[in-house]
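Below: one structure, written as structure tokens.
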Amino acid sequence: MFESLSERLESAFKQLKGQGRITEINVASTLKEIRRALVDADVHYKIAKEFTDRVKEKALGAKVLQAVSPGQLMVKLVQDELTALMGGQAASLSLEQKPSVILVVGLQGSGKTTFSGKLAYFIRQKLHKSPLLVAADIYRPAAIEQLKVIGQQIQVPVFSEEGLPAVEIARKAVTEAKNHGYQVVIIDTAGRLAIDEAMMQEVADIKAAVNPEEILFVADAMTGQDAVNTAKAFHDRLAFTGVVLTKMDGDTRGGAALSIKYTIQKPIKFVSAGEKPDTLDIFYPDRMAQRILGMGDIVSLVEKAQEQYDAEMAKRLEKKIRKNQFDLNDFKEQLAQIRKMGNLKDLLAMIPGMGKQLKNLDLNDDAFKGIEAIINSMTPEERANPDIIDGSRRRRIAQGSGRDIQEVNQFLKQFEQMRQMMKMMNKMGSINPLHIRKN
Amino acid sequence: MSIWSRFFSREKQAELDRGLQKTRDNLWSRLGKLLTGKSTIDDEWLDELEEALISADVGIDTTVEILNRLQQKAARERYRNSEELQQLLEQTILSLLPPVQQPAPAQPFQLPDNKRPYVILVVGVNGVGKTTTIGKLAYQYKQAGYQVLLGAADTFRAAAVEQLTIWSERAGVPLVKQGMGADPGAVAFDTVQSAMARNMDVAIIDTAGRLHNKKHLMDELGKIRRVINKKLPGAPHEVLLVLDGSTGQNALEQAKQFMAVTELTGLVVTKLDGTAKGGVVLAIAHQCQIPIRYIGLGERITDLQPFDPESFVHSLFAGAASA
């Protein structure tokens, strides 16, 4: 995980302390940190520079309110400016024609075929229109087969024809759609490099032949500094209507999004995050701004927790806690649940403000290992009823788990405290098993 | 014509030299001009260099490291003109890279004698070009006179097995496969077993693309590795991480995470036939001490080259002056 911007700024802002106004002098090092954070997030270096210049203009002379520190004010300025740049409103697809043709273009491996499948699914499920997928990547081995398999999975028909040039396939597909009443034609094209003249000509020819209503440029969210060149080259040639960011389920900060948006001024229409057909989402500028700045992403954390959390088990657990029957078996299950969500440090880092505390903490998945070993060395009876664990049992558990007896003692003490806390929470009313803490 | 094919196509040596000269002139004349009348490297010059490195995706930390080392070197070793400074810069960058292979093979696609079958596991995130790279590797090893067997352990992505099948036909090598959704560990096991039974020289195993932050998928990869190792102790002899040359700083995190579960032995950087420079591998090679083994330069079966550090360093600056 990257250091968060706010954390970085903190040191830069130390010198601002006690000053009521942001001035040319005290803002310089801060802006440098912002620029650095942006470049680290793969924002193009020239754009990062222009961006910080804009922020500087807005910041200079801005009054620092008493409630807000200059640091917080700057972060807010940066975030607002970034959100505005990413596009204030969500842009929808234009699907007026009959049939509407959507051309999907991009570099190799950016995720066009997977996205085409998701888009077809989205159009059917959310927009209630009938889509036709078109396999126009006649070059990559098994690309057509791939689209066919995806089409089968989501039960959307796939048009393909062996031995024809891509332009002809596209043309025929549109006729097919007209004849059979498909409302939206999604053409999945081959991946191509912007400098490959023959291939760029091909996609320009497809455009001329089928007159698409939407041309979506698919870009890997992990793209680096080259995003600007590629997007510009594709746009110069095709004048695309929107951008799609893929592989957003990775941990990239996604600065390429800003680079592309800034250079081309075309809306980002979708973000794609995962391999399942329903993992396509419309684009939220504010979320993206926070992500690029590495400011902690509480929404993602909640989503991640929901994704992995077993609701059934949570209910059972809640009941047990209510009856004050929470035992070490349940605790062990809880640990396993948390582990399923992934690296603990990464998870905690998603909580705004947590990044700094975690920085020097050597916290990894092994943090629970000792505790798990201790629990595993207990008999089922001991786990269900920790009160019976006396001195001799403690010695045995310590030996069995390879931990010191002190650690066993400490853990049992902590567990008892936790139970007391739950008891108290019970009295106060609402409880949520997700809130169980380590200590 | 791309920078990389210009650097790496052997038959076009003359063009390569000219091209190289031209690019060097570009950046160096500009950096040189900035130096005129000055006795030391100044900030303006360093800014220029910094921009070139950043725009090649080298990343801030490694860029700062290069600049610092260069400044120290320049202070110690007197340079007389910009050509000598250029040499210092190249040396500085090359000093970041770990040695490619010990001992270095005489030929690029030569296998060590004592390891049969030589098992290569290919890993990476989605869409970086793993399958294509395997097709090219199979072809190269076959050309070098080895018996090659492929293993289709990407049983997840739609038509991934079909894709590898086509590459195996192109390269003229056999393939071990099971159906879609089969356990990738089982396919890897079968592949190694089959390679041993058939006295193959090299087995190359494809895996499904996986994002490095998905724990269960990374665990699965760790398991594939253990299964291979159980069947043939010492294997996999190579674990290659394939990186898309246009990827930015996230590639560093990819390398770290894949390193943690599979003990990577080398990097393959693909899609360098475009405008992307792939400078992030410099950061990876430096910070993780993983050698870069091959670079991918296109979609043809011959478009794979052993990594050449010097050409790579040149290419980082190619075209930077006009950007």
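Every residue, even glycine, has its Cβ placed from backbone N, Cα and C.
Taken from TrEMBL, the feature GTP binding site applies to B:124-131, B:206-210, B:270-273. Under the heading domain 'SRP54-type proteins GTP-binding', TrEMBL lists B:291-304.
Positions of TrEMBL features highlighted on the structure.
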residue: B:Gly124; record: GTP binding site; Cβ within 10 Å: 25
residue: B:Gly127; record: GTP binding site; Cβ within 10 Å: 24
residue: B:Lys130; record: GTP binding site; Cβ within 10 Å: 26
residue: B:Thr207; record: GTP binding site; Cβ within 10 Å: 30
residue: B:Arg210; record: GTP binding site; Cβ within 10 Å: 21
residue: B:Leu272; record: GTP binding site; Cβ within 10 Å: 27
*asked:* I'd like to know the mean pLDDT over the domain 'SRP54-type proteins GTP-binding' (B:291-304).
replied: 90
*Taking Cβ atoms only, which of the binding-site residues B:Gly127, B:Lys130, B:Thr207, B:Leu272 fall under 8 Å from chain A?*
B:Gly127
*By the DSSP assignment reduced to helix, strand and coil, which category contains B:Lys130 (GTP binding site)?*
helix
*Where does B:Thr207 (GTP binding site) sit in the DSSP three-state scheme?*
strand
_For a three-state summary based on DSSP, what are the helix, strand and coil counts in the domain 'SRP54-type proteins GTP-binding' (B:291-304)?_
0 helix, 6 strand, 8 coil
